[in-house]
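The structure appears right after this line, and notes come after that.
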Amino acid sequence: MSVEKQTAMRRTFAIISHPDAGKTTLTEKLLLFGGAIQLAGTIKSRKAARHATSDWMELEKQRGISVTTSVMQFPYKDYLINLLDTPGHADFTEDTYRTLTAVDSALMVIDAAKGVEPRTIKLMEVCRLRHTPIITFINKMDRDTRPSIELLDEIESILRIHCAPVTWPIGMGKYFKGIYHLIEDAIYLYQPGKHERVGESERIEGINNPELDKKLGDLASELRNEIELVKGASHPFEREGYLKGELTPIFFGSAINNFGVGELLDAFVKEAPPPQGRETNSRLVKPEEEKFSGFVFKIQANMDPGHRDRIAFLRIASGQYQKGMKAYHVRLKKEIQINNALTFMASKRENAEEAWPGDIIGLHNHGTIQIGDTFTQGERFKFTGIPNFASELFRLVRLKDPLKQKALLKGLTQLSEEGATQLFRPLDSNELILGAVGLLQFDVVAYRLENEYNVKCVYESVNVVTARWVICDDKAVLERFNQEQSRNLAYDGGGHLTYLAPSRVNLEITMEKWPEIQFSETREH
């Protein structure tokens, strides 16, 4: 099959939401509908030993939150779907941000009782920057919820995106009876209790069908009136607005009850864009080009605790990957052979014989691959737009056992390569300073150091409030700066010079004193 045909059948997307909106449940139900898993394990179920397929790391299983991005591929009808499940927890914004550079569209999950929440707003801003098309699933309709019209108003006013309802709920909570599909003019009736298998919903054709009155009684005429109102007050779905990220089609349902998910998935594969072209520092790379290219957006250490492994997740941008092929590693300026790239179904992995644009493959990484690296078949371009953010919180890392210094350094180096934390090594001392965007990341690092590297550490406070990458083309100025400011300078994990400011005032004074130097909050990988 040609590159064009392989590309056309693929859909690569991420699921975004505020914690506890039901994102992991929906992820699992999509896999269920795609036939990738037979049984949905109820997440956070204390009695059952089953855990959600996408929360595979031990810490995630314990806490019931996703803290790393999982990659899952599954077929659905005539399509192949690459689903990236992003962390919903506030402290893992960077991982989520970088994941959104690797997808062509997003699925936003909203809790019908809570509406738009802070994380949703933040993630939406990222999608807007990239004009990512978004489909919205309003979840938990089987519980008591806010009025649906109110939810649409809130999405439009807070997230600044037009809403186009495709399905509309009939009742809510214990009176939830189903959904009306505005485009198909069909009603799907809700049957509670069909948790684990994909049940066929009873379907009634046409909103004016007398059968509806038999099933719903007075609710049927209420529904007809409500739909008239909804049609008058909302935007009709049009694909162009959706693809530009200006309009979001809205679906209602209950993920835990498998209800409304099939309609969502059908619309998604039909309307969501196939893999798109990608910008580099020299040109736009189109997916249908013959030559292979791709970029690394994530590194994950110890996916398989039995093997001390590090996997680099690479999004294929063009051409075809074939087992054993040679690829050019642009940053290192060298050709490498890729024999054993992986494909993923959460933590299940298989060796990939071939892969195409939109697919995510895993490369075994022995410390030579970094986030943002580009691989090509000889061309020397670099994919752009994969950011690193300055840390906001800092801790000094101390060992409980001084003999484990080597293991500590190895663990911190490998974990910081994943991009959720940053390791700083000051010019003036042998201290190890860990930087993060949120407090939870420090817990995660301490937990993983102990479980994966057998190293116990403690944190101490350190006199650093913010970090800035130091950029300067004038070598003489940079040398003078290094000498004068060495007590506040460190190298990050990638060997980039960083200014660790003891206070905001100090940073402002230093920036004024050194106008030739750029103090950057973000750095391209």
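Cβ from N, Cα, C; glycine included.
So that you can see what the record holds, here are the features copied from Swiss-Prot:
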- 8-276: domain 'tr-type G' (DOMAIN)
- 17-24, 85-89, 139-142: GTP binding site (BINDING)
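Everything Swiss-Prot records as a feature, shown here on the structure.
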residue : record           : Cβ neighbours (10 Å)
Ser17   : GTP binding site : 23
Asp20   : GTP binding site : 16
Lys23   : GTP binding site : 27
Thr86   : GTP binding site : 26
Met141  : GTP binding site : 26
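According to DSSP, Ser17 (GTP binding site) is assigned to a strand segment. Mapped onto three states, the DSSP output places Thr86 (GTP binding site) in coil. In the three-state DSSP classification, Lys23 (GTP binding site) falls within a helix.
Predicted-model confidence for the domain 'tr-type G' (8-276) is 84, expressed as mean pLDDT.
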